[in-house]
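The following features are taken from TrEMBL:
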BINDING   GLY62, GLN63, THR64, GLY65, SER66, GLY67, LYS68, THR69  ATP binding site
COILED    334-460  coiled coil
COILED    548-726  coiled coil
COILED    814-848  coiled coil
COMPBIAS  511-524  compositional bias 'Acidic residues'
DOMAIN    1-326  domain 'Kinesin motor'
REGION    504-526  region 'Disordered'
REGION    924-963  region 'Disordered'
REGION    983-1010  region 'Disordered'
Amino acid sequence: MCNVCTSVTPGEPQIFLGSDRAFTYDYVFDMEDSQETVYNTCVASLVESALEGYNATVLAYGQTGSGKTYTMGTGFDIDLNASQVGIIPRAVEHLFHGIDSKIKTARENGMVAPEFQIMVQFMELYNEEVIDLFNPIFNKEKLYKIHEDPFTGIQVKGIMLKTVMSAEATLQCLRMGALSRTTASTQMNTHSSRSHAIFTVHVKQQRLVPSDDGSNEVETLTSKFHFVDLAGSERLKRTGATGNRAKEGISINCGLLALGNVISALGDPSRKALHIPYRDSKLTRLLQDSLGGNSKTVMIACISPSDRDFMETLNTLKYANRARNIKNKVLINQSKSSRTIAQLRQQIAQLQLELMEYKQGKRIIGQDGNEIVNDMFYENNMLQNELNNLRTRVKAMQETVENLSARNAALLTEKAAKNWIGTGTDSQVADMIQGYLQEIEELQAKLMESNSTCELLRKQLAKYQSTSMYNKLSMDMSLGDISLVLEEAKKELKLQKESLIKSKSHSMSEVDSDSSTDVDFESDNESKDIDADLKQELLNITTDIDMKQKLIDELELSQRRMQTMKQHYEEKLLQLQSRIKSTQEERDKMLQSYSVKSDNDDNVKKVKEEYSRKISEMQKELKKLQAAQKEHARLLRNQNEQKNKLQLLKNELTDMKRAKVKLINKMKEESQRHKEAERNQIREIAQLRKESRKKASLLRAMEAECKIKEQVLKRKQEEVSLLRKNQMRGLSAKAAGRIKNEFSEKAVKRKWSQIEKAINNIAMNRSGLVQQEVRMEHFLEKREALGRELEILHHRRKQALAKSQDTTQLESLIEDVEENIKYVQETIAEAQQNVMEIEETQDESEENNIQKIITSLQDVNEAKYLIQKLYGMTLNHSHLVAQREAKLKENEATLEELKQENAVKGQLLDHILHTEYPVFNREIAPLSTSSNTNETSSNNTSRSTSPIPLAVPENKSKIRKRTADPSELLFGLKSETNIMTKSENGNHLQLEQPLKRIPSSPGILKDERL
């Protein structure tokens, strides 16, 4: 029989113990919440973190029988349904589902799918010994050692790791290990775990990640997921454990105590000690990464809501509240190789940037050896800004230049037309001349643009300067000047070709001479210079080739246009000749016709004059066309010459392209040789860096050791200096004749009064706590007894109702028992409230004040004084304890005598009732039987979480007229007041009225005369 002593605030992570003691956590779940809710709230995010390379831990803590194994899911009960499988099976399913999802997503995005490797291990800590649950046969012969790896953390050497490929295989391994766990039965739990179990899932992931240079590199992530099912804390008084069970309980409590000390050390923000006692127990050593280390940890505190387990629930809540203050340092577990590659690439990029800045002159080394920014850099920036402004102005003025060029071309056209044909010339000839002049103007503009481009490129290279290949041409340049330009270009091309051949032969000789020597840093510099020269020459050749290719394209275009114009004029000449011929033929025909007819000479003369005029006009036109034809023939001759020059340019261009190909091949060879030398140097540098890191690590270790020694030495020196100072102070006092008390007796007495007061307060709190616990245990046992008595009375009432008997007396008894149970429950609640108040007072205890006072002692005499006082207090308390123990033994002896006397009187009363009052004997027998039953069961009761209902005692077959009232059984019937009165040796014994409960004195029966 029990009540619920906890309550959860709806919608808030807060739990109340009793009526007003509240505890706040990250998450709080009530009794009605499902396992799925607990998992989705607390553990699901940890599985996702494990897939990203973070360590994770789920820790289940609580008293025995509070549901830790049920919550974690390591019990594997056959009767459990899918909604009660626990955290571990759900996490395993979630883990493999996440792996499949990552692989599927990578394939859908066209990426290489990551590779996963899952391994599991299962161990238990039984009596401070590690046992491999996957290999329990050899555990007696094998001792597993716990060690710390600087890269992977805490490991157990020799534990079997099993590789699994699916969730089913993982759960099968978990099931096999769970069957090998050590369990036993106690009074509080029929399937109590006698060991701490740790199920670990190792996840290794290899995936491709993009790097800064656009390529992909392999990244390896590792993580560990611990599922910890701790054994429950136990009280030997409640579990009734003996022998091996008691030894197991002591070992469990020792491990949990060490775990509590670690949690207190990590969770106390005011703690100044740097040492965390991980090595006090193997449990804390195994959980070192999970507590304050590299792991995301969730602690699930399982409590019992029953008020029978009030003290265990309170301790568990306080335990979890301290663990909430722990701060872990979580890092992603990336493989050292991939992490080192990423760091080196970042360092290389930074060094390349600095090197480029040095080459550009941005960074220089000053006279004092410090790095400064060059003034030329700022000047270059200013010039660059000015250049951009000028370019903007040039673009803005380009339209004006184009308009003026068009106007100039029009004026030149008019001038040429006047010079060629005078006034009234044919429009077609003017158009032709204008076309020629426009074409010449365009060629001049393109040639000027090519010259300016060449000038700009050569100035930017800044290696060597050469004169412009072409001079600026005037806007009124005629068509015949193109030959001069081509001639100059040809000469310039020949000169560049000869210089290229000479530089090529010179570079080849240098390369051959360099290849005969050893590869050192000087040859490396020379090869870099040669490589730069070759690149420079290649750039020059490429620029010249591009320029000449553009010029050739323009000449070919001009040639095609001239060929088109030639065909056009030839067709026009043919048309004019055909027209002249046709006109002459027409004239002859007309003359012949008029000669035959000879009608009128005047008409003949008119016709003849008309045709003569037409012929003269056509002849004039013919002369003009013939002049144009001559000019065209001259242009054709020039075209042939240009065609020959064009062919020569093409040949030279082909030779230059071949030279360019050869130079590129040579540059590739030089680059390959340079890369090989660079790889050799990189290997040497890597070897030197490795040796340097070893020396640096050795130096750091030596520095750390030296620092520790210096700290120890410094502390010793401070102690020695303090002792010397005290000694010198004493000697100076003796020399001055001022030998007095070196400490203030008043101050020491004040310190002692503070210590004494604090000790008394702590002792009173602990004594009160023990008394309240004993009181609460007493009333819990009394409530159990009343509960069983109430069950018996209810059973008897059912039997009476079945037999149609009067149940008034039974109902009255039931009401009395229920009132007693209600009163006992109120007393239990009061005791629980007192316990919580004492616990809160203990949280604000004066132990820290005592510690401060002790550490503030600076004189030996003060310490002697306090020790003497403590010695006297100890003697006094020991004397009082001895007196009270003697008094207790005396009271126990008296109690034993009273019990024996009571037993004798009871036997005498039974004898009297059996012999002289058989009627009352028959009425009292059932009640005495139930009373004995209650007494026996009350003596053997236990506060188990699932008490076994008592069997209802069998009723003896008796003929009963009615059920006797307790007052009638004890004091007789009102009509028979003299029946229970007996005379013995002249003394009359008369029974008094029944005892009545006084409300002001709970739990104690007092006499009251009516």
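Start at 1 and count along the chain as shown; that gives each residue its number.
Heads up, the Cβ atoms here are built off N, Cα and C, so glycines get one too.
Curation plays no part in TrEMBL annotations; they are all automatic predictions.
Following the DSSP three-state reduction, the secondary structure of THR64 (ATP binding site) is coil.
In the structure as shown, the Cβ atom of GLY67 (ATP binding site) sits within 10 Å of 17 other Cβ atoms. Long-range neighbours of SER66 (ATP binding site) (same chain, six or more residues apart, CB within less than 8 Å of its CB): GLY232, CYS302, ILE303, SER304, ASP309, GLU312, THR316. Confidence for the coiled coil (334-460), expressed as mean pLDDT, is 68.
The secondary structure of THR69 (ATP binding site), as reduced to three states from DSSP, is helical.
Most other Cβ atoms within 10 A: among the binding-site residues GLN63, THR64, THR69, that distinction falls to THR69.
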